[in-house]
């Protein structure tokens with residue numbers, strides 16, 4: 001009965017992906033235009049004003065003209081395009097009104113005048129006190145400038161009024177932009193301040209493909225401590241894998257030998273013998289986990305997050321995603337939606353193997369588990385952003401686009417994966433028969449309890465990635481562009497290996513204590529890495545940043561909670577999948593009566 005529906009969903013999948021692409025590239029303003037980054041002599045070059053905000057709060061940004069700056073006299077524009085990723089990241093491009101033409105120098109020219117009454121002066125003084133700075137774009141190249149400065153006594157405040165632009169070109173392309181702020185004018189109420197600009201064009205040898213290299217910081221990301229942390233994590237992996245292999249191989253060999261010896265005993269000797277170990281729970285080890293619907297949804301979501309992480313890192317290694325505004329977020333959204341069948345396949349097949357019957361409910365929970373968590377957090381922070389009138393406030397049209405992706409792309413593709421999973425690998429094929437009556441779990445030492453194992457299980461995985469967490473946090477919360485995705489790929493591989501090794505050891509000790517509740521224990525012991533990452537985010541906030549205010553604090557801890565939870569679900573799924581293969585292997589190789 002599922003075959004016709006499966007064929008229909010499979011046929012609709014390409015159409016759904018095309019719909020997703022159109023939503024991601026949806027022009028959200030009427031004057032959208034594709035920019036080819038090529039110019040003819042005297043052709044218009046647009047200077048976009050983006051956002052302004054306090055230096056120490058990178059995410060607390062406002063529209064540039066929320067401060068009482070004036071606009072140039074030129075009203076027509078030629079190029080503008082905004083993507084879904086830009087809208088979600090609070091990009092607010094507004095035309096500066098400055099008349100700039102390709103290879104056409106402009107001497108210092110006054111473009112507007114600010115009538116500085118008391119209210120406008122107070123706005124500028126507040127911005128200068130809080131170290132406000134602004135961002136502009138020319139041909140997608142970012143430019144930063146400071147609003148003004150105070151004197152040493154903090155009594156007088158000055159506004160920079162002269163924007164001195166120096167633009168480098170190579171052939172018919174712009175390859176470099178520099179801004180020098182001059183014209184320091186004291187802020188005095190009831191005066192007029194003239195704003196001016198100049199443009200100087202110069203020929204450059206910089207290639208168009210290399211024009212973003214000046215924004216990168218190799219001395220930071222390729223510092224010796226970064227290389228050392230990778231080497232240290234790699235050595236830890238070799239040591240851990242060797243240790244786990246040696247312990248398990250020697251221990252399992254002894255276990256197999258002991259169990260084989262017991263097979264040769266008669267019934268009387270076997271009854272008098274000291275029977276213990278993981279073989280004793282063979283009739284319960286493949287018993288369905290408690291709350292299988294939630295468990296299978298978490299496993300499916302974790303597998304999807306791993307697939308998204310792997311694909312996005314590979315794409316970022318091949319393409320320089322940092323060269324286009326919002327491209328990283330747009331790519332992540334597209335890959336997440338496109339990999340929805342992965343979620344449905346692994347979650348649906350696991351739920352079917354555990355005897356679950358409410359597979360439609362499981363599919364809905366699996367499909368919307370991560371989107372609901374992310375959207376719920378964004379919805380809460382959006383209220384604060386609206387109260388602050390910040391540019392991070394997500395427009396209603398963008399919310400509608402995200403909802404369309406969830407309901408018309410993610411859900412149908414998840415359905416395809418669920419049907420495939422239930423039909424292809426949904427039959428239970430356990431190596432041991434499950435007993436009708438659960439075996440009582442004997443008492444054991446406190447450090448063998450699942451709760452203790454869960455708490456300790458995340459220490460080593462966190463230890464293998466916490467240095468990389470510093471670089472990732474700095475690139476997102478400070479003013480660095482992360483570009484060393486080869487490092488990130490190595491760290492992801494190391495994290496997977498360490499997580500699997502740790503959960504296998506934890507599960508072995510748990511089964512040896514004749515406790516067969518290994519499914520949730522293996523998942524949670526790996527997922528506890530998220531707790532340590534979130535704890536580290538507190539340290540980073542208080543000791544590595546100077547953030548302040550309700551909006552920035554809510555934004556930081558809200559999205560760090562989302563990041564940590566997603567990382568924990570991914571690690572939990574990786575740990576469970578590795579442990580599941582281990583458990584099946586050891587029970588396949590032992591003779592069961």
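Backbone N, Cα and C define each Cβ position, glycine as well.
As annotated by TrEMBL, signal peptide applies to 1-32.
Same-chain residues lying 6 or more positions outside the transmembrane segment (227-249) and placing a CB less than 8 Å from one of its CB atoms are 460, 463-465, 467-468, 487, 490-491, 494, 497-498, 501-502, 504-505, 508. Feature annotation from TrEMBL assigns transmembrane segment to 227-249 (among others).
According to TrEMBL, the transmembrane segment annotation covers 293-318 (among others).
The transmembrane segment annotation in TrEMBL covers 330-352 (among others).
Sequence annotations record features per position, and here TrEMBL assigns transmembrane segment to 364-388 (among others).
Under the heading transmembrane segment, TrEMBL lists 394-416 (among others).
For 451-473 (among others), the entry in TrEMBL reads transmembrane segment. Sequence-distant contacts of the transmembrane segment (451-473) (same chain, at least 6 residues past either end, Cβ-Cβ under 8 Å): 220-221, 225-226, 229, 232-233, 236-237, 240, 482, 484, 487-488, 491, 494-495, 498-499, 502-503, 506, 509-510, 521, 524-533, 536-537, 540, 544, 571, 575.
TrEMBL lists 485-511 (among others) with the feature transmembrane segment. Long-range neighbours of the transmembrane segment (485-511) within the same chain, counting only residues 6 or more positions beyond its ends whose Cβ lies under 8 Å from a Cβ of the stretch, are 221, 226, 230, 233-234, 236-237, 240-241, 244, 247-248, 251, 278, 281, 285, 306, 309-310, 313-314, 316-317, 448, 450, 453, 457, 460-461, 464-465, 468, 471-472, 517-518, 521-522, 525-526, 529, 571, 574-576, 578-579, 582-583.
Listed by sequence, the residues of this chain that lie at least six past the ends of the transmembrane segment (523-543) yet keep a Cβ under 8 A from its Cβ atoms are 295, 298-299, 450, 453-459, 461-462, 465-466, 469-470, 473, 477, 499, 502-503, 506, 553, 556-557, 560-561, 563-565, 567-569, 571-576. Per TrEMBL, transmembrane segment is recorded for 523-543 (among others).
The transmembrane segment feature in TrEMBL is assigned to 555-577 (among others).
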What else in the chain is close to the transmembrane segment (364-388), if you only count residues 6 or more beyond its ends and a Cβ gap under 8 Å?
60, 62, 293-294, 296-298, 300-301, 304-305, 336, 340, 343-344, 347-348, 394, 402, 406, 410-411, 414, 418, 550-551, 554-555, 558-559, 561-562, 565-566, 569
